[in-house]
Each structure stands twice: as structure tokens, then as C-alpha cells.
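*Asks:* I grabbed these lines from Swiss-Prot:
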type: ACT_SITE; residues: 232; note: active site, proton acceptor
type: BINDING; residues: 8, 9, 10, 11, 12, 254, 299, 397; note: ATP binding site
type: BINDING; residues: 78, 231, 232, 233, 291; note: substrate binding site
type: DISULFID; residues: 348-365; note: disulfide bond
type: DISULFID; residues: 408-412; note: disulfide bond
């Protein structure tokens, strides 16, 4: 089986082999590539052709090795989309969700439609780049494009289409758009109308597990392409070996997404006030979670400072005084500033914290601030669910940052398990195995993951630094500019 896992910063083609008798699961990286952003006519767009080419090269490599493939699945980030004309050809380039075209659009939508009405219909967190606001911006700023559009596909649906020639709309990713009605599981006609787009661009999203079509290889293979849980976090959570019903997960990467699984969505006033999202998951479950800006801040800072040795930077940051400088990572100023280091410094200066000047000071500021925000979100989630979080499972690339994860354990006062690193890839494979009938369900698959990919564990330290600075951070996190409220 092949899992094509596309994150916001990079993509990978991974080969998985499963041996049912021993319930052994192995992964092999076929290729890894950077997901590039280009600037075209003043807009930041994804180089979707380069992404597709990298995928095809990975598949061709496996085909040339003579490996018989059972299935293929693609997962990616949410909200971004591709427009197709009546001939199935792409119209323009998919715009990057951090592009500035949506500035002010969400606030106008909340004023016109009412925040309560939008949240009640969708149960989705208010994020300025949600597809709802991207489409409203498109219809306002480039209405001439709309007449030629026949279909809108989210990124993994588009890439599945390119491999198979078949259209598909998958539920878990569709749920991120803030266009899906949480009661019906179908596109909300009133929200589509506000976005300025017709319903015939879409079909009702299907749950993960169906075969979309087939990829035909140069050597004559006809490989089923499966609609996995195509939102990367939905796949990551599918593979998270949660120890009990009260455990929470933290999918840690460019974004940090902290939440828990629920059989029903939480769309009451308290959930809305906490800006909690109810995204679709596997087996009809809901991912009740909150988006946190995550390692995006560190990625941008290290790019600007041209730092390649991340382990050394983390080691240097660990030697800095704790909580010397704090920011609110979910402040909207950090979505896509021209210069991240300068923006962090300005935020510290404005709130009378010492200004971090060195790379180590900047990194420590980011790590301490993320740990504080993790604590705040964990408390919000526990309050919403009505019982404490028993354990936190950190999955994804960020689970390799043991220093940050120890800060998270300390700040939250929780035992933490780290792994698997390739959680989205493994969740993608899990959907395929369930679809192929090789694995019974998500619970069964999580046992397989836990047995094949050992976890690492951390316990919280008695850390007075966080307690001493908690009130300072709370004052930051209550500022009205917090991300998307």
C-alpha cells in the first residue's frame, strides 16, 4: 500500500507492508519533497503541478521496482481547493491559505450571518482562511472566474482525480471548510450562497473507505485509489494509540491540533466561546479540537535566520531562562508576517517582556509560549468534556522535539506519550487496510500501530516557572486579536 502524505511544508510517498499473521506493519520512505509556495500576480499559490509530479515520480519508482501495489491513498492539509472547468481542466492555481486575500472577510461574514448561526450550522472553529471565507473573497475579488467553473475539489480530492480521472469529495477534509452542515453532512446551501458559489460545484461528501478509481501504471498495474481520511489530522488521529476514553491527542507539526474524540459534536455556546472545532473523523467520530499555531513560528524563524541544525538550537534554547519572554502563538499577527522574528520581538516589546534577540532566545520564547497555550487549551477541553484529561498523546513530526514535549507535560501537568512520528501516513494506511478488509476497525488498527511503533513517555516535572508566569500568559491570551475569534 502507498500512503501519500502532504503536510503544509513537505510531502512524502511512503510504502507500507502489512503481514496479517504476525500483525506486523512496516514503513519505507520512497521519496520526500518540499511543498513550494509561488507568488503569481500578487497571490501566494501552491505549486500543485510540482506536488503532482513528485507523487508520480514516487509511484513510478515503486512500479519500476516491480512492487505489486494493493492500494493508494492521499491525505493533505485542509481548506485549500482547486477549481475545474467543464473539461476537467484546472482554472488557475490553488491559493495558499495564508494568502492575504481573506483579510477582513471572516469579520464581515460574522457580522452579516451572525457568528452563532455559522457555528450552529457547522460546528467549525473560526479561522480566517476557512474555505467559506476564501470563496467569499474569490467571488468578491475575481467574479469573472466563476462562470467557467464546473467543480471545486479540495487538494487530496484533486490529486485523486488526477490519478484516476474520477471526481470524489471526502468527508473529513470537507468538514474543515466551514461549508458543511453538521446535521446533514452535506454542503450548507445558505453558506454556499453567501460564499457566492453554486451547489452544483459539489457532490455530497462520502465517508472514508470507498474506492474512487484506479491508477494505471506504466507496467500495467491497475491499483485501487482509496478515499482515506484525507485530512491529515483525521489520519493522524486514526493512528493515535489513545490509551483510554479520557485521553487527548496533540498532532504536532506546522500546526498543533489538540483535542479528543467524541461520538457527538459539541456546538454549544461554551464550545463556540472557546473557538473549538468539530471536524469529521473516521467511523463517524468527531475530532473535537482546537487549532494552535504550532511549529510554524519556529519554521519561519529558522528559515529567516538560516539555521539548519535544529537539534543544536533546541539544546541552546533549553539553557535559556524559562518564561523570560512570552507571546500568544494564536495571535493573528503570526499567521503570515513579513518577518516572523521581528514580529515576535515586536509582540514582546509591546507587552513589556524582554525582547529575545538571539536565535536561542527566540526559540525559547516560542517553546515556552506554546507550552503555555497547550495548558490553556487542555483546560478548555477538559471543561467542555466535563472530566479531566487522563493522558496526552503527541503524534506527528513535533513528537521528536523532546524538550518542547517535556515543557508541554510540565505546563499541562499530564503524562505524555510521544509517537508515532509518521502518524498521518499510518492513519492513511489504516484507512486502506480497513477498506481492504485486512483490519476490522480503528480500535484494532491502533493496537497494531502501538505494537509496531514503540512510544516514548514523559512525566511532568514540578515546574514553578509555569505557575509563576501563568497569569502573565493568560493576560496575553485574552487579547481580542487571538487567532480567529
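Backbone N, Cα and C define each Cβ position, glycine as well.
Bear in mind that the values here come from a model prediction, so they are computed numbers and not experimental data.
Neighbours and distances for these, please.
*Replies:* Less than 8 angstroms from the CB of residue 232 (active site, proton acceptor) sit 5, 6, 7, 75, 76, 77, 78, 424, each of them six or more residues away in the same chain.
Around residue 299 (ATP binding site), a 10 Å sphere centred on its CB holds 16 further CB atoms from the protein chains shown.
Packing around residue 291 (substrate binding site) is summarised by its Cβ count: 23 other Cβ atoms lie within 10 angstroms of its Cβ, all protein chains included. DSSP gives residue 291 (substrate binding site) a strand state.
Around the Cβ of residue 365 (disulfide bond), the same chain contributes 324, 325, 326, 327, 344, 348, 356, each under 8 angstroms and 6 or more positions distant in sequence.
In the three-state DSSP classification, residue 412 (disulfide bond) falls within a helix.
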*Asks:* List the Cα distance (Å, whole number) between residue 408 (disulfide bond) and residue 397 (ATP binding site).
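*Replies:* Cα to Cα, residue 408 (disulfide bond) and residue 397 (ATP binding site) are separated by 15 Å.
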*Asks:* If one looks at the chain holding residue 233 (substrate binding site), which residues at least 6 apart in sequence have a CB under 8 angstroms from its CB?
*Replies:* 78, 251, 255, 257, 279, 287, 289, 424
*Asks:* Per DSSP, to which secondary structure element type does residue 254 (ATP binding site) belong, with helix, strand and coil as the options?
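*Replies:* Its secondary structure by DSSP: coil.
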*Asks:* Can you tell me which of the binding-site residues 8, 9, 10, 11, 299 is spatially closest to residue 291 (substrate binding site)? Compare CA atoms only.
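*Replies:* Closest candidate to residue 291 (substrate binding site), judged by Cα separation, is 8.
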*Asks:* What does the structure give for the C-alpha distance between residue 299 (ATP binding site) and residue 412 (disulfide bond)? Integer Å is fine.
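*Replies:* That comes out at 24 Å between the alpha carbons.
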